[in-house]
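Enquirer: Below is one structure. I have some questions about it.
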Ligand code: GLV
Ligand code: MN
Ligand code: MN
């Protein structure tokens, strides 16, 4: 039996849901929805309501992941997981993460409505910490599901000094329940995520959907440069120990390192804090972040070593101190070849060719791979723009993506997966 598809209706519904979710924000002027905040709570409640309306049984774990369960073969049968995240960056677009959650719910709604039966169950997951914008944790909610949550990260603090432990309690959950969030190893068949591409490849190829070969590895660093505060009007230039020009030179160094790389490395200094931050005081301390990514783990590690050497050379030359600490490190995750094939076949059923492409952006699959094989479906986005309010995917493309997930589930008769990961990105 084949589920009847109304792609236009699926797309229109996806668009309406994304608008509704996108209106839940810390600010009326733009979309900012951080992990374990009141707006995360409201978004989780809305997603839970949608899941129930789709005919799913809803639960939530200690890290706030909302789970919609469909278990035609009983609650103990193996699970296929479909998900994405509902946290955002600051001043975000509406599609990053939210779209994958919405498409998962819509696909399951159609499957439930059609009365399909399977020897396995499906959970739709809405994670809360993919962006890592509130705490320096990143992927903590998917890590909890995968059973690799690091207890030490409960002590991580946000910009207000609130620890992750305190935020979990304030959200109404108990840290003692974190181990219960983990799926049993062997009880999960695969994790599949639909996400906007966040890059320009599909648009350039004129294709609405693509299949991901691998998710690029990433390192995130916190760099603290220390000098000495002084009067901006009296200390001669040659006698200063100004932390800011040192930090600026280090930011230029990491840019130079990434530009010289031949594996498409990208490096970003996205946050910089100057102390004491006064117009007439020489900066005593600058803290900045480095986000470094590459499809080659080896070149990423070499770049990190080079940056460390360069930062110390710059600091010594300027009589500054520098401390570098890594707070996030994920290796390149190849997507499971069998899932790539199944997703491509599902797209082919709809009359489209799904190009294969790597993901430069990070995804929850980087944590879920500790639990099970990972597959990703990309949806074309306008101009390749993401992490920007101008982010956009058309209702037509989203309708096709929901339809592809439905066809993927229909074809997913056997819980056994064949084949290995595609290691082409390493
Ligand atoms: C998440 O969007 C990331 O790649 O930083
Ligand atoms: Mn995302
Ligand atoms: Mn993102």
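In case you wondered, yes, glycine gets a Cβ from its N, Cα and C as well.
Reproduced below are the annotations present in TrEMBL:
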- 85, 96, 195: Zn(2+) 1 binding site (BINDING)
- 96, 131, 387: Zn(2+) 2 binding site (BINDING)
- 220, 280, 293: allantoate binding site (BINDING)
- 216-313: domain 'Peptidase M20 dimerisation' (DOMAIN)
Enquirer: For residue 131 (Zn(2+) 2 binding site), find which of the binding-site residues 85, 220, 280, 293 come within 10 Å, Cα to Cα.
Expert: 85
Enquirer: Per residue, counting other C-beta atoms within 10 angstroms of the C-beta, which of the binding-site residues 220, 293 reaches the highest number?
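Expert: Highest number of other Cβ atoms within 10 Å: 293.
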Enquirer: In angstrom units, rounded to an integer, how far apart are the Cα atoms of residue 195 (Zn(2+) 1 binding site) and residue 293 (allantoate binding site)?
Expert: 19
Enquirer: Cα of residue 280 (allantoate binding site) to Cα of residue 387 (Zn(2+) 2 binding site): how many Å, rounded?
Expert: 34
Enquirer: Average the per-residue pLDDT over the domain 'Peptidase M20 dimerisation' (216-313) and send me the rounded value.
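Expert: Mean pLDDT for the domain 'Peptidase M20 dimerisation' (216-313): 97.
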Enquirer: Around the recorded Zn(2+) 1 site, report the further residues of that chain (criterion: Cβ within 8 Å of the mean position of the Cβ atoms of 85, 96, 195; site residues excluded), sequence-ordered.
Expert: 84, 95, 97, 98, 99, 100, 130, 193, 196, 363
Enquirer: If you count Cβ atoms within 10 Å of the Cβ of residue 85 (Zn(2+) 1 binding site), leaving out that atom itself, what do you get?
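Expert: Here the count is 26.
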